[in-house]
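In TrEMBL this protein carries:
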- A:1-22: signal peptide (SIGNAL)
- A:C28-A:C43: disulfide bond (DISULFID)
- A:55-202: domain 'Cupin type-1' (DOMAIN)
- A:H103, A:H105, A:E110, A:H150: Mn(2+) binding site (BINDING)
- A:H105, A:E110: oxalate binding site (BINDING)
6 protein chains.
Amino acid sequence: MANAMLLPVLISFLIMPFSAMALTQDFCVADLSCSDTPAGYPCKAGVSAGDFYYHGLAAAGNTSNLIKAAVTPAFVGQFPGVNGLGISAARLDIAMGGVVPLHTHPAASELLFVTEGTILAGFISSSSNTVYTKTLYKGDIMVFPQGLLHYQYNGGSSAAVALVAFSGPNPGLQITDYALFANNLPSAVVEKVTFLDDAQVKKLKSVLGGSG
Amino acid sequence: MANAMLLPVLISFLIMPFSAMALTQDFCVADLSCSDTPAGYPCKAGVSAGDFYYHGLAAAGNTSNLIKAAVTPAFVGQFPGVNGLGISAARLDIAMGGVVPLHTHPAASELLFVTEGTILAGFISSSSNTVYTKTLYKGDIMVFPQGLLHYQYNGGSSAAVALVAFSGPNPGLQITDYALFANNLPSAVVEKVTFLDDAQVKKLKSVLGGSG
Amino acid sequence: MANAMLLPVLISFLIMPFSAMALTQDFCVADLSCSDTPAGYPCKAGVSAGDFYYHGLAAAGNTSNLIKAAVTPAFVGQFPGVNGLGISAARLDIAMGGVVPLHTHPAASELLFVTEGTILAGFISSSSNTVYTKTLYKGDIMVFPQGLLHYQYNGGSSAAVALVAFSGPNPGLQITDYALFANNLPSAVVEKVTFLDDAQVKKLKSVLGGSG
Amino acid sequence: MANAMLLPVLISFLIMPFSAMALTQDFCVADLSCSDTPAGYPCKAGVSAGDFYYHGLAAAGNTSNLIKAAVTPAFVGQFPGVNGLGISAARLDIAMGGVVPLHTHPAASELLFVTEGTILAGFISSSSNTVYTKTLYKGDIMVFPQGLLHYQYNGGSSAAVALVAFSGPNPGLQITDYALFANNLPSAVVEKVTFLDDAQVKKLKSVLGGSG
Amino acid sequence: MANAMLLPVLISFLIMPFSAMALTQDFCVADLSCSDTPAGYPCKAGVSAGDFYYHGLAAAGNTSNLIKAAVTPAFVGQFPGVNGLGISAARLDIAMGGVVPLHTHPAASELLFVTEGTILAGFISSSSNTVYTKTLYKGDIMVFPQGLLHYQYNGGSSAAVALVAFSGPNPGLQITDYALFANNLPSAVVEKVTFLDDAQVKKLKSVLGGSG
Amino acid sequence: MANAMLLPVLISFLIMPFSAMALTQDFCVADLSCSDTPAGYPCKAGVSAGDFYYHGLAAAGNTSNLIKAAVTPAFVGQFPGVNGLGISAARLDIAMGGVVPLHTHPAASELLFVTEGTILAGFISSSSNTVYTKTLYKGDIMVFPQGLLHYQYNGGSSAAVALVAFSGPNPGLQITDYALFANNLPSAVVEKVTFLDDAQVKKLKSVLGGSG
């Protein structure tokens with residue numbers, strides 16, 4: 001169909017609408033130097049392919065710690081390209097015997113994909129307190145609905161690795177133990193709102209660096 | 001402007017567009033006999049004023065129990081008129097010494113308005129575990145962001161009452177103690193994911209009716 | 001489970017992920033000195049508990065005026081903590097014989113909770129113009145769907161007070177009388193678009209301070 | 001790249017993923033025989049090109065009436081293909097001297113495009129009651145923000161026609177006069193909530209077919 | 001109802017709530033000098049009626065080009081008043097024999113209204129690749145679901161004009177030919193990901209100004 | 001705090017609110033036997049842990065085909081547990097020399113995580129037609145904004161595997177070649193809307209099973 005004689009005309013025409021629509025927003029890479037907004041960060045100028053790429057999940061996290069586990073995030077703070085796109089990721093490394101303690105993500109659902117080893121995972125529904133738990137092997141996926149308490153631990157005889165995707169660029173992470181014991185919330189208040197014994201609360205406050 | 005001779009014509013004209021647009025959705029009162037959907041319940045037919053009204057928060061909840069507190073919900077399940085409207089409510093009664101234990105609402109932010117007495121309330125941010133706490137007197141309001149752990153207890157010398165509004169028709173309620181101890185989640189798992197001592201876990205499982 | 005010898009290790013591990021995720025957005029208290037965006041104000045830095053608390057609804061509004069009523073808002077402009085959280089509030093004081101005139105909230109549904117007295121409230125559906133009206137006593141709640149005309153007036157023999165919650169941080173308030181008569185919209189235009197008589201329009205323009 | 005010998009293999013491969021993903025939802029044409037939901041109607045089966053096409057706006061509406069105007073809707077009730085797509089349309093015919101009376105669309109913003117004649121249009125902001133008004137000629141567009149009172153009337157010496165698009169499939173239409181006068185809302189209530197005189201209210205109730 | 005003696009009081013009362021609620025967001029006209037955000041541009045100050053009005057679609061686009069067609073956008077970049085309102089528009093001029101080539105709008109559904117001439121339009125569903133096509137005459141409308149490939153061409157014996165509305169203020173426009181041939185994407189990559197022959201790719205790269 | 005004598009009272013109290021709130025929606029596993037809605041499928045009854053788990057991505061897809069690649073979806077149709085949760089997944093297997101052809105997902109952004117091998121991936125922005133391309137190794141992630149054309153191919157010397165997550169439960173997949181050549185869209189129309197030569201169109205229609 002394209003007649004060579006008409007080519008110069010075609011070029012000049014088709015380029016026109018693009019310059020006129022230069023503000024179209026295909027994406028909005030976060031400018032982390034600006035204040036956040038309820039919908040995410042303002043968009044940075046001068047975007048390149050590197051903004052949509054992240055290498056930080058390639059290396060295993062350091063699991064040489066008591067819980068023998070590490071969470072490596074690729075949220076908007078680490079990976080500005082996901083800003084406004086409704087998705088983010090993290091890497092989970094769990095050594096033998098390791099555990100990702102009970103926690104929630106206030107702002108996203110989570111989808112876990114096991115890439116190595118065996119992970120026992122569960123979540124607990126609200127109101128009825130039903131426990132939904134599965135043993136996951138390499139290649140299995142499990143989804144954890146937004147805001148519900150869940151946990152993962154290594155259920156096998158070797159290290160476990162998982163990729164975790166979230167339904168938002170900034171899912172948040174609230175580890176119950178840290179919310180209760182790793183701050184200055186007074187022990188008396190913790191006990192009142194949890195029914196835990198005083199000795200238990202003080203022990204964990206000590207372990208996790210809390211005061212009060 | 002209105003000329004009496006033209007009135008019959010006016011009536012016939014203006015009625016016409018309404019019949020043509022009879023499917024307009026001003027609201028969608030829940031038909032609780034249908035399956036829910038991710039956006040809420042299907043709309044019931046035959047709506048009347050009573051569907052937008054609820055009397056169930058008028059009476060105090062019964063606080064004659066260990067925690068000396070009661071939560072009376074007006075969520076979509078009790079108050080179908082809020083379906084699809086992005087809002088719901090509940091009444092909090094907290095006797096002297098009473099407490100609403102640590103909990104989250106996975107699907108809504110909460111705004112609390114004290115109508116009687118004094119309430120100490122707090123929430124804990126994710127990641128940084130900062131505690132935000134206030135003593136609230138009659139007429140004060142406080143907002144608790146979606147999905148974050150929070151609690152309320154009576155901080156005064158008389159009964160306290162509060163109206164609570166939520167930013168969704170079905171906010172959910174996950175009480176941490178119940179999620180951990182009031183079901184069949186094995187004690188060994190609870191201990192692994194919380195660092196709590198075995199004796200503590202078994203004591204609370206016994207108290208709250210859990211097994212395993 | 002926690003072995004005292006391992007505690008230092010536990011602390012150093014668990015703190016690590018938090019510093020790495022410092023940009024998590026649990027909330028976004030409005031920085032009212034910045035320009036608003038379609039999703040709300042940019043988030044302010046240096047948040048404290050006071051940002052989630054508001055005392056301004058504790059005192060009764062002044063009802064010594066013709067309509068014998070007062071609306072005290074706790075929208076994002078007064079209560080920056082609700083920014084991005086999908087909720088806000090207001091207090092309604094209506095003296096005997098008082099009225100909150102016909103109005104809409106363009107950007108939120110409303111849930112009204114009567115704390116004192118008796119309120120007659122109603123809303124009108126679009127298209128079919130059906131009126132939904134209820135007499136509300138202390139403790140009753142009623143919901144008004146987004147954008148629909150509604151009104152409240154004191155239907156009892158004493159002052160009435162209500163807490164009102166909205167399904168958004170900035171619900172807006174468009175009082176029909178003010179939209180028509182309290183500005184410079186020419187009388188001829190008002191008459192054309194409302195069918196009101198010229199004398200009626202001019203009378204209310206005079207009352208409400210409009211011109212034209 | 002395509003080698004003829006490999007073609008049969010290519011066909012069998014590429015067809016496979018499609019059958020496996022047959023539930024993909026590109027669109028959701030409304031099944032109007034089902035109950036609506038807060039997000040729109042359930043999707044009908046057996047969709048064809050005709051479902052995405054509507055002829056009903058091609059003919060002029062009948063403006064032989066007092067207001068000398070007609071609104072012809074292409075909302076989800078008339079045009080089921082827009083269900084779930086965030087858009088709908090209507091046609092406005094306004095004869096000389098005609099007017100579309102003061103109204104709101106509770107559930108959508110409106111974009112008006114004049115195709116014939118001259119239209120004077122305005123909307124009124126909430127809270128500050130500022131009037132924004134323009135004279136629109138053929139080819140001009142104007143946008144009316146969601147939920148705000150607005151009006152259009154023929155400002156020229158010939159018939160006017162406009163296409164109106166809405167930011168939702170079911171925008172609603174609340175004509176203020178009809179909400180007040182075309183139903184059984186008692187005159188005393190109308191007067192109380194609008195400050196209108198009794199004679200004015202009764203006159204318009206009579207004109208518009210209301211009672212009470 | 002309005003007693004003249006009380007009028008001064010009425011004015012002072014009713015004005016009060018407006019000043020107190022001055023931050024209400026009825027609209028958010030884009031300040032294009034600021035960085036965009038995922039929800040749209042920050043709101044500009046000093047809004048006037050002209051911000052909600054756009055004249056740029058009144059004149060025909062120049063169709064003196066190979067495709068004999070022109071798209072004139074009224075997106076947020078040209079018409080800042082639509083920012084945050086979920087709607088925008090464009091004008092389509094298609095001379096006899098003209099065509100708007102295969103394209104998608106990544107961020108909006110489209111509703112097309114033919115104002116002059118005859119347009120053949122079609123879209124293709126994902127997964128099942130079903131083609132939905134219609135011949136549209138003056139006054140007809142057709143809707144194209146978000147993100148799906150579609151096209152329009154003049155199917156008649158005179159020029160065609162259409163108004164196009166979008167379900168978002170910044171719909172984007174990705175013309176398949178331009179995405180493939182009007183940039184520096186290497187020919188070998190284009191061939192690999194499209195199965196097109198090398199000669200075809202190089203011919204169109206030359207026509208459309210691409211390199212590589 | 002918990003006194004053994006009070007335990008029976010505690011149990012009876014705390015169970016009460018749960019039965020009263022039985023309709024809380026933590027999740028909404030798709031009932032695929034029902035009609036879809038714009039927000040997803042109605043919720044099925046009788047949910048168990050298996051509903052949140054999917055094994056179908058564990059095995060490699062069959063890449064013994066011309067493009068030497070396979071996409072194995074875990075969308076709502078295969079994995080009903082993701083319904084309403086804003087997330088889904090797929091597995092990509094690309095043999096040496098294999099390619100996932102140019103395509104879009106109309107309803108989701110995509111996050112790709114390489115688990116084996118080397119993948120060259122790119123996407124093209126709308127309007128400016130800029131190409132963003134990266135070579136991805138094991139552990140790397142890349143994000144592809146919603147609705148934009150993108151592709152992946154094996155850039156290494158061994159098989160490549162990736163997990164792909166989407167920002168919605170039903171992202172859709174529109175492969176450009178299939179949309180153009182694997183259906184009954186007439187060759188003349190394809191040529192008109194793509195500028196492709198007739199021979200090229202007919203060749204690919206033949207290869208991909210299209211007619212017309």
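Note that Cβ sites are derived from N, Cα and C of the backbone, with glycine treated the same way.
Structural mapping of features recorded in TrEMBL.
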{"residue": "A:C28", "record": "disulfide bond", "contacts (Cβ under 8 Å, 6+ apart)": "A:G40, A:Y41, A:P42, A:C43, A:N83, A:G84"}
{"residue": "A:H103", "record": "Mn(2+) binding site", "contacts (Cβ under 8 Å, 6+ apart)": "A:L149, A:H150, A:Y151, A:L173, A:Q174, A:I175, A:T176"}
{"residue": "A:H105", "record": "Mn(2+) binding site", "contacts (Cβ under 8 Å, 6+ apart)": "A:F144, A:Q146, A:G147, A:F166, A:P171, A:G172, A:L173, A:Q174"}
{"residue": "A:E110", "record": "Mn(2+) binding site", "contacts (Cβ under 8 Å, 6+ apart)": "A:V143, A:F144, A:H150, A:V164, A:A165, A:F166, A:S167, A:P171"}
Among A:C43, A:H150, the one of these recorded positions whose Cβ has the fewest neighbouring Cβ atoms within 10 Å:
A:C43
For chain E, which of the recorded positions A:C28, A:H103, A:H105, A:E110, A:H150 fall under 8 Å by Cβ?
A:C28
Take every residue in the domain 'Cupin type-1' (A:55-202), average their pLDDT values, and give the whole-number result.
96
Cβ within 8 Å of the mean position of the Cβ atoms of A:H103, A:H105, A:E110, A:H150: remaining residues of the chain near Mn(2+):
A:T104, A:F123, A:F144, A:L148, A:L149, A:P171, A:L173
Reported in the order helix, strand, coil, what are the DSSP residue counts of the domain 'Cupin type-1' (A:55-202)?
22 helix, 56 strand, 70 coil
Using DSSP and three states only, what is A:C28 (disulfide bond)?
coil
Under a three-state reduction of DSSP output, how is A:C43 (disulfide bond) classified: helix, strand, or coil?
strand
